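J.: Got these off TrEMBL a minute ago, pasting:
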| type | residues | note |
| --- | --- | --- |
| DOMAIN | C:7-418 | domain 'TRAP C4-dicarboxylate transport system permease DctM subunit' |
| TRANSMEM | C:6-35 | transmembrane segment |
| TRANSMEM | C:56-77 | transmembrane segment |
| TRANSMEM | C:97-120 | transmembrane segment |
| TRANSMEM | C:141-164 | transmembrane segment |
| TRANSMEM | C:170-195 | transmembrane segment |
| TRANSMEM | C:221-239 | transmembrane segment |
| TRANSMEM | C:245-263 | transmembrane segment |
| TRANSMEM | C:275-296 | transmembrane segment |
| TRANSMEM | C:316-333 | transmembrane segment |
| TRANSMEM | C:340-365 | transmembrane segment |
| TRANSMEM | C:371-391 | transmembrane segment |
| TRANSMEM | C:403-424 | transmembrane segment |
Amino acid sequence: MEKLEKLFSKLENIFLILSQVALVIMMILTTFDAFSRYLFSNSIVGAYEVTEMYLMVALVFLSMSYVQKVDGHIRLDILFERFPKRVQAIVNSVFYVLAAGMMFFIGLKGLEMTINALQNNLVASGLINLPLWISYIWIPIGAFLIMVRLVIQVILLLIGREAHPVKEILIEEDDFE
Amino acid sequence: GDSDNANGKSETIKLKIADSLPTTNYLSSEGTVFFMERVEELTDGKVEFEHYPAEQIGKANSYLDLTLSKTIDIGYTSYSTDRLPLTEVATLPGAYSSAEEGSKIIWQLMKDYLTEEEYLKNGVRPLYAVALPQYQYVTAKKPIKSMKDIKGTKARVTGTMELGFDALGASPVFMPATEAYTAMERGTVDGVTFPFTSFEAYQIESIANYSTKGANLGSFTVVYSINEDVYKSLPEDVKEALAQAGDETVEHLSKFLDKKNEELAEKFASEIEIYELNDEESAEWDQALEPVWDRWAEDLEKRGFKAKETVQKYREIQESLQ
Amino acid sequence: MTVAIPLILLALFLAIGMPIAFALGISGSIGLLLFSGWDSFLGILSTAPYDSVKSFLLSAIPMFILMAAFMTVSGIMKDLFEAAYKWLGRLPGGLGIATIFAGAMMAAVSGSSQASAAAMSKAVAPQMRKFKYNTAFTMGVISMAGTLAVMIPPSIILILYGILTETGVGSLLIAGVVPGILTALGYIITIFIWVKLKPEIAPKIEIKPTLSERFASLKNVWPMLVIIIAVIGGIYSGIVTATEAGAMGAFITLVVVLLMGRMNMKKFGVALNDTIKSTTMIMTIIVGAHIFSYFLTMTQSTQKVVMMINELDISRYWILAIIILVYLILGFFMDQIAILILTLPLTFPIIMALGFNPVWFGIIITKTVEIGLVTPPVGMNVFVATGAAGVKTSEGFKGVTWFVIMDLLILLLLILLPFLTLWLPGMMIK
Ligand code: NA
Ligand code: NA
């Protein structure tokens, strides 16, 4: 099981890196679009749509699973933290099974949207035509990734292991000194 | 429709209708609400509507999907141009000069051609279509009196107007409508494209100083469509009521918008310097924007849509109505 | 009855610690299944996740967080707070006051509470922790400072209100200035009183820095000043819109810290990762909140409550009071944008019929839904602040109590004295 988890984490990391790339492109594209508009009275064609349709969707969906891995989807912990470890594990398993179910349907519908857009050659039309499947595809990838992550965590909990071995690490700038 | 009305007239049919328009918008109060009321009257209350306005159950571009999934029965499908692109023909620059004319053409085109060619293929049926008054170029600092003035300006645009402004040598800018006001105030853009009837919704009149009038820069088409399975399950008299209410809404809303457009142009004239193009100038601008039609059509043909046939039929109907 | 089940489920899920995004999404999904059936469930699950995320307006969230993350990993935020500590450290809750000032500054560039709270938390929380400020107090201050973003222009919520009700956006934005400043003052007063009563939550500076030491600390403040001036200047000169400001802010910050030699690949990676974690956490909650609010819409329960109010035959101030109460209650559970979209088409006509001023009502309602951002069980600003700082949510809710009381007092003041809101826009009408 741990081996499988390690393998899956590698896959998860690839998508996390894509998500980071989307973040950096978003910063650069939006800034340069504004500069170009101001200095040369010329908006970068497609900057707005690319940020909205591709970068935002990829940024969020591709990292959902990683955020789940490090227990980053926050919760109200007033009662939860008082539960004994065993109860926490049981409660978490129930949560994660339900969440995996919801993610399954989100992924399934996203997959349908992607295939439909691909088959029918759907685009957001304008000066350049932006294919819609590239916008939709991050939903099934992201939803199925977090679904698998949730299932792995449930199995880990059931066999008595930690579901979130890596907790969130926070930045303290002292780390760099 | 929750209730299949197979056995008896006493049972009411509930139809869920949803859109992204605030209820204060004319398109809602004089369009959607008018349509619902007419259907209820024509069916003697047999049909009842549940109206979800103002993005209450989805963003503007989700209403086709929500209609297809039967989450709702009737949706505002105007923004689904990815799957219903041919309807955009009426939004091209110079497509018509008044909302009444444009609405007559596009609604006839829907009945003759687009319902089969575009809507039923996507599982929905249009109930009414209304073309808005032509969009004008509204600016804050720079008066626009000729095509030369447009060159090099930054204009907040929507839809096919991106092609038009590009053809005129301006820079089309996309931004949420919510930001149009501030963007114009601070010079992020030189101007925005809106019909007079949409000014108040975004408070454009309080920030703009100049506007064109009589320019045919392009427009927008309001379309409401019903899920085809739901439509088929309706009794004949209800279908007839929907058809009649649809026709009446097209006429009522388009006439209302034209009248309102004139009234508002007069009203705004005290705060905004309005430059009215004469017929000659208007025709000259139309001609300069003519290439947009080919660009639009060729692009769609490449993707397998019958855009050229659509344009041809549009022109035929336009001629026949004159 | 079917309406009640998902509401109870939501409360239960949240109470026993289900991640908030899942709790909203799952109870909303169950509600859709029970109330509207399989078709609606699948329909909403296909449109809501995509539409909630595919938003240019919301791109402000990752961009502002990224800006703050760059400030934090490079240590320039630390320099700023060390200077603040030397100057304000002897005041009761000095760093808290500095945070409120920073929040007001942030508010002038950000139009979104969540973006502001997340950015502030990233940047400020480690500093206040370092100076041994109480965690609940720290989280309370940051969550509240974030709410200033919506009152002080630019403001996504006020613009949305303007569009939904066709009220002048220009007037609304200007009208937010005085209530925004009042709110900031109110928070500072709250900090003073709280720290006077419980000095241990905000340890006073031990030694007294000399004047030259104080001025020496200022020489490290310039990078922050450059960034702030550039971003505010960028917004007010029209180079960027309020949404784009975060991207430009992040970019300028990156350039400044690169030029100062305070950035390397490791720090850059940490900043990216941290931004993604906070952004995705917030956006997943927004997806869940949409699913839940679409379910609520389909039951038409919100609409029915407002209809009932409409039929009451009592004084207009009683109706106003009831409407505000309903907004406060909705604020416990729902996202502020969802609340406005769902209810304004119904409440606004009532308020107009009663003869109240639309700009004033906009400010009142904005203030009211802002309070909902920090109240449990669904308090987005607290989630965002604690999530970004890696602190328990309960600490955040503990920390906002006194501030919420102050906020209610300010709300009352704004209701009783409409000229506070209407004076400034009255002077600036074109
Ligand atoms: Na603000
Ligand atoms: Na709340």
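Backbone N, Cα and C define each Cβ position, glycine as well.
Predicted automatically and left uncurated, TrEMBL annotations should be read as such.
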J.: Establish whether the number of Cβ pairs under 8 Å between the transmembrane segment (C:403-424) and the transmembrane segment (C:170-195) reaches at least three, counting only pairs separated by 6 or more residues.
T.: yes
J.: Counting Cβ pairs under 8 Å to the transmembrane segment (C:97-120), which of C:6-35, C:56-77, C:221-239, C:245-263 comes out on top?
T.: C:56-77
J.: Answer yes if the transmembrane segment (C:56-77) and the transmembrane segment (C:275-296) have at least three CB pairs under 8 Å among residue pairs 6 or more apart in sequence, and no otherwise.
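T.: By the criterion, they touch.
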J.: Which stretch, C:141-164, C:170-195, C:245-263, C:275-296, C:371-391, tops the Cβ pairs under 8 Å count with the transmembrane segment (C:340-365)?
T.: C:141-164
J.: Can you say which of C:141-164, C:170-195, C:221-239, C:245-263, C:371-391 has the most Cβ pairs under 8 Å with the transmembrane segment (C:6-35)?
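T.: Highest pair count goes to C:371-391.
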J.: Would the transmembrane segment (C:371-391) count as touching the transmembrane segment (C:141-164), if touching means at least three Cβ pairs under 8 Å and pairs must be 6 or more apart in sequence?
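T.: They do touch: at least three Cβ pairs between the two stretches lie under 8 Å.
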J.: Restricting to the domain 'TRAP C4-dicarboxylate transport system permease DctM subunit' (C:7-418), report the mean pLDDT as a whole number.
T.: 89
